[in-house]
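Annotated features, as they stand in TrEMBL:
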type	residues	note
REGION	1-24	region 'Disordered'
DOMAIN	32-420	domain 'Catalase core'
BINDING	76, 116, 165, 362, 366, 373	heme binding site
ACT_SITE	79	active site
ACT_SITE	152	active site
Ligand code: HDE
């Protein structure tokens, strides 16, 4: 393929153009076998007589069943459950000062991307709302080859060295004897491993926080986690951490809500991503970088190579350097989302690795795993994995080879092909690794600079708002409450004392244990012959006491775009209220759904027919962000006679959502549990309840996302 000069128009279409020849529609076509033979009867197999045995010669039956038998491939060992989308990335201005990466130079270039979000522990069919880390993988189809940024929605990781990854994952996955539990870390083996691995404490704070139960994949941050390098055209290196900042802000659901969504709509996140893109509300993230000069490598209280540490944004601000927009759903889930193969080692010139020992191990694992998952070293030829620039090298053959290489030479150097393909000079875009001086003994060891396991865990916990801290405590109580072995629970409580004594106390109390004073952790990072004194955990003083950037409570709350609002209604719903509120919410970008006692249509007070989106049987409060009850005497009487309508309000209250009513709609609220709160509750208990709601006030309330101050203060019957 001839190399095209990128410009905004052709670059955005380049991957789509590349996929087009492999994309097929069966619309209006006749059915064929895989050999192209037209099929006359796809309904009956070939038999010896109508009631006789099937015949071996029925190649049509055999082909169909054989293909079916082989439809499944091994699911990913981690991150099996995922959802994907196409889009593009555009840099705001040239980053040439720091990196020569082509896709970070020209603001007019739209680089195509494919993104896959995932949960880590669950199987492919597991619920989206599991408490878990979310994968955030981006494949940039650049003019210089594919660049994969294979990150997570949390900026740190559980372990410091890749050699512990199989242990971590074995401990987290369902237990091997009975394969219980699914998509959950609330079990003995996970917490056994964690309680013996104090290096995981910072990540545990993140995993127990609301970051682990996002409201939407579109409303979470992404992180490259490791420190990488940027290399500019002069060969100068800087360290860099990568960030994705969601334009819609960061939001989470409540844990009780997550548990209920897992039953009511286990595809909640996948559906949300798909529906947003289909409706034209394209998810967007700004791409951020934290850049640290090469000479500042040792300037921090932590080691830049330690993946259990982040660089607080207050120390090194995140520069927002570009934007990613996801604007197209995949055509075929298997061909694209399942077969996409990411690898942190898919690099372009201008970006390079650091010596983070977790990253170094990943560089081996990702190609290796594709070999068993996709079955062939030719997985790069699968359309979704193909780079937009043509591949030229001397690799040949193997299972399912697609490319037809011409000529006699498949080696280098050669003369029979005039030396082609030739090596590229650096000026021609040839990749050359950063020339780092390494002068060391070969050792199997952990750096002493990695031994501070608690400072950033404490920094994270102390930076959270009060409701966020409560949620972390509740998550630990839940998770450890599911642990059966008391010694594991106690070890965890002991570790928590080193993060926050009040946190340890409240968790211990719920478990029927005592926290006591901070204690030395049981530390398992050392080898059998190592000297424990060399591995003693240390607590280094962080540069800052609090990092506001770590709290979701401080994220912008200025938009209700794509928020789902339930309108509870029945026949006779007040027409003007209904229409006015709907118009205002739609204008602000929200999605309105009518939930009624039964499916079909209803008639409003003006006799107009309104389509019902869901009945109370399928339309549950947990899949909405807010609820509105328009007036209309007949409608309210019907809703009052419907226990699920009252429950809807109670549950929305429990999950701290905005609740609004107009006219007689207030009666439904007053007769629910919320009525008593409105009468006798304090300001916190009433927050976000609008019984005579002006559309503007309701919009403002929905933008707040949740009124967490209502939580805990009430024992809501929902
Ligand atoms: Fe992965 N990881 N990982 N990981 N990871 C995989 O690769 C691995 C780690 C991440 O949507 C696997 O293709 C090792 C950190 C994401 O297809 C496998 C180690 C981070 C995805 C693998 C780590 C990640 C994976 C399984 C420790 C955040 C999903 C299937 C050294 C920066 C990619 C596959 C997708 C997937 C190995 C740690 C993110 C087995 C050995 C840290 C988002 O290769």
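Numbers run from 1 along the shown chain.
Just so it is clear, glycine is given a Cβ too, placed from its N, Cα and C backbone atoms.
Remember, TrEMBL labels are computer predictions, not curated facts.
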Local backbone state of residue 362 (heme binding site), from DSSP in three classes: helix
Cα-to-Cα gap, residue 116 (heme binding site) vs residue 79 (active site), nearest whole Å: 10
Residues that sit under 8 angstroms from residue 373 (heme binding site) by C-beta distance, when 6+ apart in the chain: 73, 74, 75, 76, 341
Conformational class of residue 76 (heme binding site) under the three-state DSSP mapping: coil
Pairwise Cα distance for residue 152 (active site)/residue 362 (heme binding site) [Å, integer]: 14
CB within-chain contacts under 8 A for residue 165 (heme binding site), separation at least 6: 159, 358, 361, 365
CB contacts for residue 76 (heme binding site) [other CB atoms within 10 A, all chains]: 21
Cα distance (Å, whole number) from residue 362 (heme binding site) to residue 79 (active site): 14
Integer average pLDDT (0 to 100) for the domain 'Catalase core' (32-420): 98
Other C-beta atoms that fall within 10 angstroms of the C-beta of residue 366 (heme binding site): 16
Max pairwise CA distance, angstrom, over record-listed heme binders 76, 116, 165, 362, 366, 373: 21
